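Please read the structure below before turning to the comments.
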């Protein structure tokens, strides 16, 4: 178990380009983030506001939202429709399709199938359309922070 | 259960306990007492390890025994549970996991604190997290007690009470000494055991029916005593309109509650980056999906092989369907194969409860120490190490409270308690989390109102529900103050949580008038989506 652990974390380190950022000690800057009454230095706020307004960030944000909002709406409606159909229209759900399989069974298995499918689609979308730009923005933001005398 | 089965089950369970204690000692060896280590296990787990641990945290004995039992007794209506528990992971994957990993440090309140530094926000999030944890914890403790009573055949109160005390003590040892690193490894071991057990049993069921699912389903329908109705919804939730609405309410709580469970949220902090958090959720979706599909096969398998009457005779709620199925698949009562398989299933069920309980205790001790203690006790010289000491003490306190409540609540229905924990998580935790990640205008007042506006209705509606009073099965069966017809409050309290957050926000001063509001929102969004400045 121990060896397996070591091997796996090693692999993550190698293929996870964000990992290095942790070693920079930047995370420590936010150590007091949760403390009540403490506010961030104005310089950091200026950096975040500037990055937030940049075209690159707005593109990442747009790509993320344009995927997850419709997808969330779709699977919630599909799930609620399934639950409501199961509780209000049991006769429709009991209609046979093939052999012992009825509409209810097919719909239940379809819920599993769409969940797996959407998981795959989301992972693919994030990997192809978001990860690279987001990582660059992370570096840019942290470079700008250092530039502000941190 | 015969003497042989009992001894073997106890032996296997003893091996598991010894293994987990060894893990705890090993994990505590290199301990240096930092919060990073205690709450997040050093943030160095790989996505696969964390995926197994998330699955281990999520797949409770209530799923393994309870849901397959429901399917064995009520057929298709049990499948509805599986679907709800599983689809919920899409909310976690799409909206929560990565952003929470980027914005937070240890708890739910940390995510909100990234944007709103007011003390009252942290206190509100801490209170609702602890409430959810305690409800879930009591459910698991009650489950542990009745499981042992069922499996060991000791229906006396003493075996039950000692089980609850034993489980509580062990979990305090794991959490207080081993922190997140030990807890994570225990989850991983348990997830592997549970998946292994489920795969073996499913394979045996499929072999019994020669891989013919059609034959499995038609035999199940025939032996259930309900005929083809068994394969369609309506046997459990088909009654009047209240029963139907109750199920819609439960379905809503299940699908939205998962993303608000504190012990699930805290798992995302054990990996180094948001991408790793995403990949852990993908692992866990694969594992959990596979597990629930197997649960469905096991449930119908129990109905087909044993018949619903045999399942019901053993335990009216169906909780013993899978152990009995294992006994039959192994060769029947008295055979060596049956004895071994039964004992293995019983030991896996114990291990499952123990691991889930440890995960929730850790999450609630983090909320007590990191959110409530740091906000309520103002003292100079408070250090991070001191906070970890408080968290360890809190784990002991929560363990004691859970043992006490577990003993008091031992007659409550486990599925009801789990449904309630999900309903509170969906009403109090999810709205505030989503608003603060996605809504520019959201304010501190909105956050506080959202938490209490979901938490209070959920709790009050349960007190006024038919579970607490007004029926022969109610807690106070002698009294009748049930003003709310449904058992699960989700249908009302989840919308109320969202509504309260919206109302609190729009009645706050306009964001343009508050200095720094726009900058704080910009910071949250940049951090959430890029990972800049992540802990």
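Using N, Cα and C of the backbone, Cβ positions are placed for all residues, glycine too.
No curator has checked TrEMBL annotations; they are predicted automatically.
Taken straight from TrEMBL:
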- B:6-27: transmembrane segment (TRANSMEM)
- B:78-100: transmembrane segment (TRANSMEM)
- B:121-139: transmembrane segment (TRANSMEM)
- B:159-179: transmembrane segment (TRANSMEM)
- B:191-209: transmembrane segment (TRANSMEM)
- B:247-269: transmembrane segment (TRANSMEM)
- B:281-306: transmembrane segment (TRANSMEM)
- B:340-368: transmembrane segment (TRANSMEM)
- B:389-408: transmembrane segment (TRANSMEM)
- B:414-435: transmembrane segment (TRANSMEM)
- B:447-468: transmembrane segment (TRANSMEM)
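Note: the stretches the transmembrane segment (B:191-209) and the transmembrane segment (B:121-139) are not in contact (fewer than 3 CB pairs below 8 A, sequence gap of 6 or more). Contact between the transmembrane segment (B:389-408) and the transmembrane segment (B:414-435) is not supported: fewer than 3 Cβ pairs lie under 8 Å, counting only residues 6 or more apart in sequence. Highest Cβ contact count with the transmembrane segment (B:6-27) among the listed stretches B:78-100, B:121-139, B:159-179, B:247-269 falls to B:159-179 (criterion: pairs under 8 Å). When each of B:78-100, B:121-139, B:159-179, B:281-306, B:340-368 is checked for Cβ pairs under 8 Å to the transmembrane segment (B:247-269), B:78-100 comes out on top. Of the Cβ pairs linking the transmembrane segment (B:414-435) with the transmembrane segment (B:159-179) and spaced 6 or more residues apart, fewer than 3 are under 8 Å, so the two regions do not touch.
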